[in-house]
Amino acid sequence: MAGIVQEQWSAAENGNATMTAKGSSRELRHGGRTAHSMSSSSLRKKSDLRVIQKVPYKGLKEFLSNLQEVILGTKLAILFPAIPAAIIGTYCGFSQPWIFGLSLLGLTPLAERVSFLTEQLAFYTGPTLGGLLNATCGNATELIIAILALTNHKVAVVKYSLLGSILSNLLLVLGTSLFCGGIANLRREQRFDRKQADVNFFLLLMGLLCHLLPMLFGYVGNGETSADLIADMSLSLSRASSIVMLISYIAYLVFQLWTHRQLFDAQDQEDEFDDNVEEETAVIGFWSGFVWLVGMTLVIALLSEYVVATIEEASESWGLSVSFISIILLPIVGNAAEHAGAIIFAFKNKLDISLGVALGSATQIGLFVVPLTIIVAWILGINMDLNFNLLETGSLALSIIITAFTLQDGTSHYMKGLVLLLCYIIIAICFFVDKLPQKQPNAVHLGHQLMNNVAAAVGEGVFSS
C-alpha cells in the first residue's frame with residue numbers, strides 16, 4: 001500500500017514538474033514579447049543554415065549565420081537594396097525625390113529588423129526588461145525622424161509625422177485588421193478583450209486633452225491680447241503637459257509589465273495549453289544582437305536624415321503637400337511591416353494582437369514620442385508646443401472617439417473595419433486638397449482676433465445708430 005502511495009506521489013510530482021517546465025517554457029517563449037514584436041514575427045522566415053555550418057572557421061561561420069538571420073530572415077529582405085541605392089544616389093547626384101522614395105523603402109525592413117533584434121535581446125534580459133526594451137524601441141523610426149527634423153527646425157514636419165502615425169494606427173491599421181478579419185471569419189463572431197483597449201483609450205483621451213488646451217488658448221484671449229503672450233502661454237503649458245504625459249507613460253509601462261501584466265497577455269491564451277506550439281529560442285548571441293541593433297539604428301538615422309532633407313523637394317516634384325506626405329505616406333511606408341503583421345493576425349482571428357499593435361503603438365506615439373520631442377525641442381532651444389492647429393487636432397479627436405465607439409462592445413465584424421477605413425480615406429483626402437502654407441503661427445488666435453474685431457465693429461455700428 002505504501003508502495004502504491006509512493007508511486008502515485010512520484011507520478012503527481014513528475015506531472016507537476018512537467019507542468020512547471022511547460023509553464024517556464026511558455027514564459028520564455030512569450031517573455032518580453034509585445035504585440036509589436038508578435039505582429040512583426042509573422043513576416044519572418046526560417047533560415048537554412050546547412051551550407052553555413054560547413055564553413056571551417058568559427059568566426060566566419062558565426063558572422064555568416066548572423067548575416068543570414070538578420071538580413072535574409074525576413075520576407076521584406078527584397079527591400080534592403082533600397083538602402084545602398086539611397087546612399088549611392090546621394091553621392092551620385094540622384095534627384096531628391098528619388099532619394100526620398102528609396103529612403104522610405106529602406107526604412108520598411110529596418111523597422112521590422114529592429115523589432116526582431118529587440119526580441120532576441122529579450123531572451124537574455126528576461127521578460128520584464130525585454131518587454132521594456134520592446135516597448136521603448138517599438139517606434140524608434142518615428143522618434144529618430146522627429147528628432148532629426150527638429151534639429152533642422154522643421155517643426156511642422158515633426159507634428160505632421162507624429163499625428164499621421166497616430167491616425168494610421170487608429171484608423172488604417174485597426175480598420176484594415178477588423179475588415180480583413182471580418183471577411184475571413186464571416187461565420188465566426190470575432191471577440192477581443194476590452195480591458196486592454198480601455199486602458200489605451202483612457203491614455204489617448206488624456207493626451208488629446210493636452211493637445212486641446214494649448215489650442216484653446218487662442219480662443220480665450222480678446223482683441224487686446226497679443227499673439228506673443230498667447231504663444232508663450234501655449235508653450236509653457238505644452239512643456240508642463242509633456243512632463244505629465246511622460247509620467248503617465250511610465251505609469252503605463254509599470255501597469256503593463258508589472259502590476260497588471262495579465263491584461264496584456266490575453267493574446268497568449270490560445271497557446272497557453274497547446275503543447276504543439278513550436279518553442280522559440282534565440283538565434284543570435286546577446287552581443288551580436290546588440291551590435292546589429294546599434295548598426296540598424298545608425299542606418300535608420302542616416303535614412304531618416306535623407307527623408308527629412310528631401311521631403312520639400314519631393315513635395316514640389318510630386319505635386320503633394322508636405323502635410324499629406326508627412327501625415328499619410330510616411331506612416332504607411334515606415335510601419336508597413338508592423339501593419340501587415342497586425343492584419344495577418346486578424347485573419348487568424350487573433351484580434352487581441354491586432355488591437356495591441358494598433359492601440360499600443362498609438363498610445364506610445366501620443367504619450368511618449370510626442371512629449372519627448374517637446375522636451376528635446378526645449379533642450380535645443382526650439383519653440384515647439386502641443387498645438388497641432390484646429391484641423392489636425394479635430395481629426396485626432398474624432399479618430400479617437402470613433403475608434404472608441406467601434407470597440408466598446410468587445411466584438412467585431414467587417415462593417416466596423418470598413419467604417420474606420422472610410423474615415424481614414426476622408427482624412428487623407430482632406431490633407432490631399434489642403435494647400436495652405438505649412439507655417440501659420442497663431443493662426444487660430446489670429447482668426448479669433450479677426451472675429452472679435454468684426455464683432456466689435458458691428459456692435460459699435462449698431463449702438464451708434
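Counting starts with 1 at the first residue shown.
Cβ atoms here come from the backbone N, Cα and C positions, even for glycine.
Bear in mind that TrEMBL entries carry predicted annotations, made automatically and left uncurated.
According to TrEMBL, the feature domain 'Sodium/calcium exchanger membrane region' maps to 97-258 (among others).
According to TrEMBL, the domain 'Sodium/calcium exchanger membrane region' annotation covers 289-432 (among others).
The feature region 'Disordered' is assigned by TrEMBL to 15-42.
What TrEMBL records for 76-100 (among others) is transmembrane segment.
Residues or ranges marked as transmembrane segment by TrEMBL: 166-187 (among others).
Look at TrEMBL and you will find 199-220 (among others) tagged as transmembrane segment. Long-range contacts of the transmembrane segment (199-220) within the same chain, counting only residues at least 6 positions beyond its ends with a Cβ under 8 Å from a Cβ of the stretch, are 230, 233-235, 237-238, 241-242, 244-245, 248-249, 252, 255, 263, 359-360, 362-363, 366-367, 370-371, 385-390, 393, 396-397, 400, 403-404, 407, 442, 444-445, 447-448.
Under the heading transmembrane segment, TrEMBL lists 240-260 (among others).
Note on the transmembrane segment (281-304): residues 47, 62, 65-66, 69-70, 73, 83, 86-87, 103, 106-107, 110-111, 113-114, 117-118, 120-121, 123-124, 137, 140-141, 144-145, 148 of its chain, located 6 or more positions outside it, place their CB under 8 angstroms from a CB of the stretch. What TrEMBL lists as transmembrane segment is 281-304 (among others).
Annotated transmembrane segment per TrEMBL: 324-347 (among others), in sequence order.
Under the heading transmembrane segment, TrEMBL lists 359-380 (among others).
If you look up TrEMBL, you'll see 414-434 (among others) marked as transmembrane segment. For the transmembrane segment (414-434), the list of distant contacts is 167-168, 170-172, 174-183, 186, 320-321, 323-324, 327-328, 391, 395, 398-399, 402-403, 406: same-chain residues at least six beyond its ends, Cβ to Cβ under 8 Å.
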Thinking of Cβ pairs under 8 Å, which stretch from 76-100, 166-187, 324-347, 359-380 has the most of them with the transmembrane segment (240-260)?
359-380
